[in-house]
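Asks: Per TrEMBL, the feature domain 'Pyruvate carboxyltransferase' maps to 5-267. Among the features that TrEMBL reports, Mn(2+) binding site is placed at 14, 202, 204, 238. Annotation comment: TrEMBL describes 391-514 as region 'Regulatory domain'.
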Ligand SMILES: CC(=O)SCCNC(=O)CCNC(=O)[C@H](O)C(C)(C)COP(=O)(O)OP(=O)(O)OC[C@H]1O[C@@H](n2cnc3c(N)ncnc32)[C@H](O)[C@@H]1OP(=O)(O)O
Ligand SMILES: CC(C)C(=O)C(=O)O
């Protein structure tokens, strides 16, 4: 059996099912290009039948992004499969990914279908997909809670119709690693004809075992692992791509497996996903968290200084975390900035580089050292942002121990500048209240978080807000060395997103909030 494990990235599909993580077409395109640089084998680019917006985004990615196989998801419903094909047929290497649930609980309550009816849907759905596309993946949703005998019957049917990949999801993150390993072993024993197809695993993290279960599946013979960057995804998320990849690489002597991933792009891709979705990575997250390679306690530092291998099982450089990126500052020019940005994996157009350069100089006046993370924050603010209506022009805050916090805000609304004054229980409250008055909106603030982009007291603050209005949930992000300015930017960014989605066709709305 081959020692190569294919990586199937579903950040653009299952990842987008994370509450508030909806991405627009441009954001999806940018991320798809980055995933191609990361050299994932397959990118699941979306669910074309879900909405006109998703259809267009999938089609654009398929027209533009070269290299990996590009997959679109579809129920076994014929119209879903045909719509999927209409969007993905433009890809260099298209794949139709069709699925149906096989557990009794899903059959009884959700599909309201008998086992015979499900088998018929599999036969027709896979058959139709194979008539359209050479590369067809079939998934048994909730496989880990399905009757093994029925599951094998479904797999045989899908294979007989010509499916080339069979995916075994632990949809609700219920399995234990040994159980999941046994499940794959059982499938291989009971359905020997699966040899000619690829076995894939797709694990969720409800019990924190998505990566462990994925590796257990691989140990039993699966040769495709599905996951999302930063482990985002439905509910508690999917298996984290960076963790699976680095486990396979770091424990090569034990697993004897490899992937084709360009590991040095893992960290930049993780940052891009954070920038685009607004979902921050917790500091202690494996591989890409701020503390993943940090050492503080004396005994550890002593050990690392004497020999890094005492406490480091991989190096930050391996995953693309630069430990010596402190070159840019206020005296740097366009050439240096262009080179750095290229090294970070961004291929910016000249006009975007000009905009970035302008913002870079403003930041360099406030902050002595400009790190890659600062540049990424600037790129997110200046280049990656959605088409937006409102922009922060001016902010003045009065706050302290004996004053009622007040804010004066000027916002650019198209050609107009609008000004307002307001107060609040604290300075952030004052800023948000004033902005709400200015734009005449009153969304519910579900979450407000603040983190620093880099270390140091002059670090930029990275603020994320989660806003909800009319059943639409969005995330807004903003960065600035002044955390109140970052808060204002994040709030306005969120309002711009609400405005954007409110003007999209009904079916395209990101109602995947709570
Ligand atoms: C485990 C996963 O992550 S699966 C992917 C989840 N992702 C999404 O659902 C996002 C995209 N989904 C959507 O936009 C919508 O659900 C649509 C457009 C696909 C369907 O919308 P609607 O037609 O309004 O159906 P609705 O969402 O209310 O219900 C789903 C229907 O599909 C059926 N269904 C669910 N899965 C499948 C399947 N794999 N094959 C066939 N039918 C299915 C359900 O039984 C239900 O049928 P019913 O309406 O006859 O009861
Ligand atoms: C569609 C399938 C692969 C899925 O997302 C799941 O079962 O979690």
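Even glycines carry a Cβ here, placed using N, Cα and C.
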Asks: Give me the sequence-ordered set of same-chain residues, not including 14, 202, 204, 238, with a C-beta within 8 angstroms of the centroid of the Mn(2+) site's C-beta atoms.
Replies: 10, 169, 171, 203, 210, 226, 227, 228, 233, 234, 237, 239
Asks: Which ones in the same chain are close to residue 238 (Mn(2+) binding site), with CB under 8 Å and 6+ residues apart in sequence?
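Replies: Long-range Cβ contacts: 10, 14, 15, 202, 203, 204, 205, 210, 226, 227, 228, 231, 232.
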Asks: Tell me, if you would, which residue among 202, 204 (binding-site residues) has the fewest other CB atoms within 10 Å in the structure shown?
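Replies: Each of the binding-site residues 202, 204 was scored; lowest Cβ tally within 10 Å is 204.
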Asks: Helix, strand or coil by DSSP: which one applies to residue 14 (Mn(2+) binding site)?
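Replies: Residue 14 (Mn(2+) binding site) sits in coil per DSSP, no helix or strand.
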